[in-house]
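Worksheet: the structure to be examined is printed underneath.
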Amino acid sequence: MKLILASKSPRRIELLTQAGYKFEIIPAQKDEKTAYKTPHRMVKDLALKKAFEVAAKYPASTVVGADTLVYCKGRVIGKPKDKADALKILHLLNNSWQTVYTGVAIVNINKKKLFTGYAATKCKARKLSDTELKLISGKHMDKAGAYAMQDKDDMLIERVEGSLTNVIGMPMELFNKMIKEFGF
């Protein structure tokens, strides 16, 4: 049985590879849209849509989809649109608690199996000056929340309560449990 990751995220690829999984990378192509409004439902729905999009082309394979967002001060924050948006996001997160949500979906069409789940991790951003925020804005345009705490030069996050791998993009504790229960 073949495992496919429906994502081109370097962080997800690295986390799964480090954990010893062998898989193909076939990213989902469609826009990320959902009708849900709550963060945990949004990430589960988007992860499922990504997994189904790829699984439709590879029905005998087990396909993994994932989606990450940041929730802070009542706002859902995805990837920044541009450098100005990244700076606006970083100002919102500055010196604040936020929650990082990642939804995971595992689908195998031929086996008629589908699992979904999500992880939520609380993070505290340190207080940074406008100069420091400008320095890091635009560095992480492909990441929800416009930051990458796994990078040594990213100084935004000072405290994590929960799964560090969730903040990076794939909650490995959840994924390992789900894939085992899935029978892979």
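The backbone N, Cα and C atoms fix where each Cβ goes, and this holds for glycine too.
The 10 Å shell around the Cβ of Arg11 (site 'Important for substrate specificity') contains 19 further Cβ atoms across the protein chains shown. The annotation site 'Important for substrate specificity' is assigned in Swiss-Prot to Arg11 (among others) on the grounds of sequence analysis.
The active site, proton acceptor annotation in Swiss-Prot covers Asp67 and rests on sequence analysis. Of all Cβ atoms in the shown protein chains, 28 besides its own fall within 10 Å of the Cβ of Asp67 (active site, proton acceptor).
Look at Thr68 (site 'Important for substrate specificity'): DSSP puts it in a strand. Annotation comment: Swiss-Prot describes Thr68 (among others) as site 'Important for substrate specificity'.
What Swiss-Prot lists as site 'Important for substrate specificity' is Gln150 (among others), and the listing cites sequence analysis.
You'll find the Cα of Arg11 (site 'Important for substrate specificity') roughly 12 Å from the Cα of Thr68 (site 'Important for substrate specificity'). Cβ environment of Thr68 (site 'Important for substrate specificity'): Val43, Val100, Tyr101, Thr102, Gly103, Ala144, Asn166, Gly169 lie under 8 Å away, each six or more residues apart in the same chain.
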